[in-house]
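These features come from TrEMBL:
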REGION    1-46  region 'Disordered'
COMPBIAS  1-10  compositional bias 'Polar residues'
COMPBIAS  17-46  compositional bias 'Basic and acidic residues'
TRANSMEM  57-79  transmembrane segment
TRANSMEM  105-124  transmembrane segment
TRANSMEM  136-164  transmembrane segment
DOMAIN    176-335  domain 'Lipase maturation factor 1/2 N-terminal'
TRANSMEM  184-200  transmembrane segment
TRANSMEM  212-231  transmembrane segment
TRANSMEM  371-392  transmembrane segment
DOMAIN    407-550  domain 'Lipase maturation factor 1/2 C-terminal'
């Protein structure tokens with residue numbers, strides 16, 4: 001009889017029969033997928049079986065949504081700030097930059113121009129560059145919002161997002177010179193290969209997540225951490241002496257309210273922070289290659305590390321972005337708790353079908369996809385060679401791209417720590433004579449960078465005020481090294497609404513423009529909790545260092561602006 005057969009099929013049938021009898025005794029039958037039904041056919045609520053390890057269907061959804069969230073933030077920043085920075089009347093117009101590239105490559109818009117500056121702006125009508133920049137940002141926000149809300153994406157959508165952001169970064173000049181721009185482009189490129197070509201489905205049955213694609217994300221987090229850790233050890237000696245955290249919270253580009261309290265932590269806590277930093281950046285990344293549990297441990301530690309950085313400072317979307325590749329350290333079994341029963345059941349069914357050998361027969365498209373995945377692995381491997389050589393070099397550089405499309409880059413952060421904070425404060429006056437001791441100088445306030453000592457540090461992460469960040473760099477350079485600072489001064493003298501929209505407070509709002517604008521250089525320190533200054537509501541204490549740039553008026557800037565082909569603030573450039 002079949003139930004007594006010693007063959008494999010007979011054993012399976014006998015086990016199935018016994019299982020059914022057991023279910024009948026409990027008042028229901030099973031459909032073989034973890035669902036239970038009563039004798040009259042109604043489904044009974046049951047718990048979903050635990051997911052098996054080693055598959056990445058749910059991991060893919062988490063990764064795609066995470067990448068989409070970062071894209072959404074980045075395109076939102078672009079929409080709100082690009083016109084002021086690289087628009088028609090921006091501080092560094094993208095049209096002027098494209099024209100200079102065009103002249104450099106021979107005066108034609110061809111392959112040479114695209115290779116030098118990959119951007120779809122070459123193909124658009126330049127008569128209204130503001131509309132072009134806004135259009136790119138709006139399309140980017142719409143697509144990233146769709147992926148974020150639905151968890152569905154295909155290669156077409158992800159390629160479009162990547163091309164759109166590439167187009168902005170490559171014309172963004174100084175304003176897009178931060179390391180996280182390249183990191184987003186690399187992360188976005190890797191996300192393309194997580195998706196099916198056309199299909200829009202959370203769990204596309206015929207496009208299983210490639211293990212190669214998952215490992216490209218893991219390789220990215222390893223490189224990010226090792227780059228950051230090695231540049232610190234090789235850079236500022238305070239990292240080796242464990243004293244860097246004594247200064248970091250106070251001197252980082254844009255502190256937040258928690259930075260104030262973290263700065264005043266005990267000295268031993270700062271030493272613990274520095275040691276932990278070295279451990280997380282230089283040791284834990286190697287756990288990625290030591291099996292599932294150790295890889296997950298590294299993922300947990302990297303995510304917790306980034307959360308601490310998010311809480312303690314406004315580092316744009318850098319830390320949020322660094323969490324993304326860390327998520328690839330987790331498989332479906334470890335991420336199942338993030339999903340409802342429906343998604344878990346769908347993945348469990350796929351896992352059962354694979355275990356039973358009932359996977360779909362490979363189609364021509366599936367075989368082509370395997371070739372694409374292998375090609376991706378080879379490409380990342382080849383492009384990683386100069387990156388690895390840079391990591392091993394005693395002359396390591398950070399935040400550098402070795403290919404024009406920024407597919408594989410080298411990263412790093414805070415290789416040196418400034419020991420004191422200085423700020424450039426713009427001041428204007430309506431006085432006829434800037435040297436008059438009675439002249440009243442009024443201060444402009446930026447959105448987030450320190451200015452008014454009574455103003456609480458802002459909390460904006462993952463949003464990013466690009467001008468505020470660049471002002472941090474300008475403060476420990478000279479205005480000759482940062483000529484755009486003088487450009488800002490000229491715009492302030494004209495009460496230019498485009499530039500003023502990037503600031504928080506214009507003291508001449510509703511009044512005539514100032515006759516003179518100057519830059520003052522101050523040293524800033526956090527006030528001491530419990531001190532008289534703190535009791536007065538002061539978050540900062542400051543002391544004047546001297547003049548950053550002397551008092552300027554519009555007439556005196558005319559020649560300076562003309563020599564640099566900047567439109568004089570009295571006039572607006574004609575659209576051509």
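Using N, Cα and C of the backbone, Cβ positions are placed for all residues, glycine too.
Sequence-distant residue pairs (6 or more apart) of the transmembrane segment (57-79) and the transmembrane segment (371-392) include fewer than 3 whose Cβ atoms are under 8 Å, leaving the two stretches without contact.
Residues in the domain 'Lipase maturation factor 1/2 C-terminal' (407-550) partition by DSSP class (helix H, G, I; strand E, B; coil) as 28 helix, 40 strand, 76 coil. Long-range contacts of the transmembrane segment (136-164) within the same chain: residues 61, 64-65, 67-69, 71-72, 74-76, 78-79, 82, 120-121, 185, 188-189, 191-202, each at least 6 residues beyond the stretch ends and with a Cβ under 8 Å from a Cβ of the stretch.
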